[in-house]
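Listed features, source TrEMBL:
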| type | residues | note |
| --- | --- | --- |
| BINDING | HIS116, HIS120, HIS126 | Zn(2+) binding site |
Amino acid sequence: MMQIRKAHGLSWLLPVSRMELQVCVEAICAAIGHEGASLDLNLVDDAEIAELNSSFLGCDGPTNILSFPSADAESVKEMQKGWHMGWLALSLDTTVREAFLYQQDVTEHAIRLISHGVLHLAGYDHGEEMFDLTDKAAAGALSALATA
């Protein structure tokens, strides 16, 4: 089961419904070999993600996405279909700001960030393999969104 929570008053920042987001996240999980996995996705503002960033990572200020895996990287390889990967916090404020800065569509940028976060939940660290899988997962999610 997937939980998607949008902070009050932020829905207009990302023009995608909960159902469409769920389709995207399911496509991301399938693209990286974790079909049927579940996770929680919290769409928050900069104030909330800054608080999480400070509390959990000791970093000041907002960031675009934070990942909180439910298992360590070694355990992920042994997970069965339907396991709960953990939870993500995506700052819609930062996502919109970055999309403008990078001249990208907000939805496409959000999907790319969510793909990146899901890969962290699946035990990947930054590097070529993760970046390649992020591209693959985001493309799969955007394709699924186009037909949703």
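Just so you know, glycine gets a Cβ as well, placed from its N, Cα and C.
Each of the binding-site residues HIS120, HIS126 was assessed for Cβ neighbours inside 10 Å, and the highest tally belongs to HIS120. Report note: the Zn(2+) site is defined by HIS116, HIS120, HIS126, and the residues of the same chain whose CB lies within 8 Å of the CB centroid of those residues, excluding them, are SER67, GLY117, LEU119, TYR124, ASP125, MET130, THR134.
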